Amino acid sequence: MNSVNQIETNMQYTYNYEEDEYMTQEEEWDRDLLLDPAWEKQQRKTFTAWCNSHLRKAGTQIENIEEDFRNGLKLMLLLEVISGERLPKPDRGKMRFHKIANVNKALDYIASKGVKLVSIGAEEINYLSTFRFFPFFYFLVSFTETSAKEGLLLWCQRKTAPYRNVNIQNFHLSWKDGLGLCALIHRHRPDLIDYSKLNKDDPIGNINLAMEIAEKHLDIPKMLDAEDIVNTPKPDERAIMTYVSCFYHAFAGAEQAETAANRICKVLAVNQENERLMEEYERLASELLEWIRRTIPWLENRTPEKTMQAMQKKLEDFRDYRRKHKPPKVQEKCQLEINFNTLQTKLRISNRPAFMPSEGKMVSDIAGAWQRLEQAEKGYEEWLLNEIRRLERLEHLAEKFRQKASTHEQWAYGKEQTLLQKDYESASLTEVRAMLRKHEAFESDLAAHQDRVEQIAAIAQELNELDYHDAASVNDRCQKICDQWDSLGTLTQKRREALERTEKLLETIDQLHLEFAKRAAPFNNWMEGAMEDLQDMFIVHSIEEIQSLISAHDQFKATLPEADGERQAILSIQNEVEKVIQSYSMRISATNPYSTVTVEEIRSKWEKVKQLVPQRDQSLQEELARQHANERLRRQFAAQANVIGPWIQTKMEEIARSSIEMTGPLEDQMNQLKQYEHNIINYKHNIDKLEGDHQLIQEALVFDNKHTNYTMEHIRVGWELLLTTIARTINEVETQILTRDAKGITQEQMNDFRASFNHFDRRKNGLMDHDDFRACLISMGYDLGEAEFARIMSLVDPNGQGTVTFQSFIDFMTRETADTDTAEQVIASFRILASDKPYILADELRRELPPEQAQYCIKRMPPYTGPGSVPGALDYTSFSSALYGESDL
């Protein structure tokens, strides 16, 4: 503080040389004391040291008061150091009038500060004797110090209050034992003195110790003699006050530095915590994005497996992913968003710039990656189920192909060799005619098998279209059957042509055998077809489908009596042949020459058909029971899903409604939301039970459910959205509490903010459009022009979405009603630590700040390159601006 300005309007000094008196407003000096040589010696020493304590700051000093002040140069310099102001340029001549002019400039400056000087002129000072100089010197001391006497005394009492044997009441007797001076030093620099070892009975030792330490370490000159203070009944008050004031000036800067250091420590602590939170966010975001990056290719892999077992294993792996691996990641994603919002709130509260994560790690980037993950996940489950259906269909078709191919191969076996025979060349006419009829029966049989061959080819084609893994062997077998079929057709045509050429020579034919052959072959084909149908595999997915098969089977059974009549009619033909042979004792074989179907074969196949009918009945009834069990699973799942789905929707609506209609203290709102969260978490067992029922349905290969519109995917998505919504709503209230406490916002103000927002939230969706927001601000007393409103909108709606959220509204109102630290305050604090230099040194930071925060500053401060830079200089201005986002550092 400028000492001159302290006393501009408080004191006037008057010195009357005619009456040899110096008087102030407080007291009169004892003129007899001025005649004491010992007192004169002490005062000269004190005054000289006091002057040098100030002149040393300007790089000079005095040795003789009378001589060194006569030319006025050092007197002007002393006033400049004391006041901190520039005086007029002094005259540099050595003539007497030059000296008087300089003294006049000094006196004029004193007078300009409102100090009245009587009988003190330039000539008096120019020829001032030792005796007459002391009153003027006391004037100089009083000019700078005595106006703060009471404040200085109070400062001494406050600093020495904790010390034993020290009781400062004045500036004379209270200092005689030296403990007061030692206490002042120990209070500010305990490293310089061990107060516990001082002895009250050694006043001279105490005073000398204090003065030596002050001169060596505090740059305070030794103005007094310990013996004079101790041996004088009442030490000189102004001399001691002058000396003590030097301690005040020496330690006042240290207290400012301590205050500045505390401010910097507070700011740096906030910055370090914010950086820790930023690093934690970066780490969690990296881990979550890496997990998503690894998981998406697995979900996008659509390489089909060749067997049902392999695809079932993939489905089980997917279930493990949905139940075990994904839920923790959902929580991590939600927590990451909460941490990001909390960090941004802390940065706004501490007036720091918003946190910008590394490229690709924004909350929006994580949300986008999560969306791609869920898109891949949705398609993956659908693909798995389709693949299982496809493999099931393939297995069914492959088995059907093998059965039909085996049946055909058995029928075709040996047919080519038979057609290649030339037995008709040595046969009789009857035999030739028999051969011809037999051949006609074969052609009928061949035509009857045309449908089976076409079925075999169609099944093979479908297996190829469905990408059957063993399609090569199927194609090879089908090709052999088709080639053989073509060969049979060619050979059949050639044999017919040969028999017809021979038929003209042969006329006798056995009509009964012919009739048997014509009727037995179709009947035989019918029995083979019936056996094939009765053994045919089937696959159904509903009760209606199996009931349709049962109905068709019942219709088949209704045709059995008619078929039995045809069988008996065919057997009766053979019986008639045998009767004729027996009646006429014919020496021919009873074997029918026209047919390969024998009576034994017809009987055997008929018995086989009768055995297969009840077996078919049993398999159809078993499948009907299975479909009824599947229907119970559908109804069981639907009963739960139809309860859980609406419950989730109701909770979502309650949370949305509570976030809009919240009133009362934020803590009560938080407790209400926590209760919502507790109820939701306790409902989790219902979701788990529904998952178990869903697994049973999938294991039973049930793919549809007409009893409910809810799928397990709907329930999962709704549940995850409910958890995320309650977590985000709780975070919003926590953020409001954090903002309220950090900004000093009262609960009443928060309620007013909420009431104003709800009033102008006309759609009750937690948003205000621009017009509603303008009306809200006007209702709260804001005088809005277009430019001011545009500025406010840039703060509350930086993305230009046309709406204002409640959190943006709260942030704006807290910025308008709360005070925060600024970059200018931090710069001013560093300037105090740096003793007004535009830069600071590492040693100064280590001396004034705790080690951790000092090292933090040294590591991050850029080098100072401005005027007056020295090696190791650090730029605290750029560093402070960077803390608040006001520079590119």
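The backbone N, Cα and C atoms fix where each Cβ goes, and this holds for glycine too.
TrEMBL does not curate its annotations; it predicts them automatically.
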Exercise. Taking 470-497, 666-693, 862-889 as the choices, which stretch does TrEMBL tie to coiled coil?
Worked result: 666-693
Exercise. Which range, 99-126, 267-294, 519-546, does TrEMBL list as coiled coil?
Worked result: 267-294
Exercise. Against which stretches of its own chain does the coiled coil (267-294) lie, if we need a Cβ under 8 Å and a gap of at least six residues from its ends?
Worked result: 329, 332-333, 335-336, 339-340, 342-343, 346-347, 350, 352, 355, 357-358, 360-361, 365-366, 369-370, 372-373, 821, 826, 849, 853, 856-857, 883
Exercise. Sequence-remote contacts (6 or more beyond its ends) of the coiled coil (666-693), Cβ cut-off under 8 Å?
Worked result: 323, 633, 636-637, 640-641, 643-644, 647, 651, 654-655, 658, 712, 715, 719, 722-723, 726-727, 729-730, 733-734, 736-737, 740, 747, 750
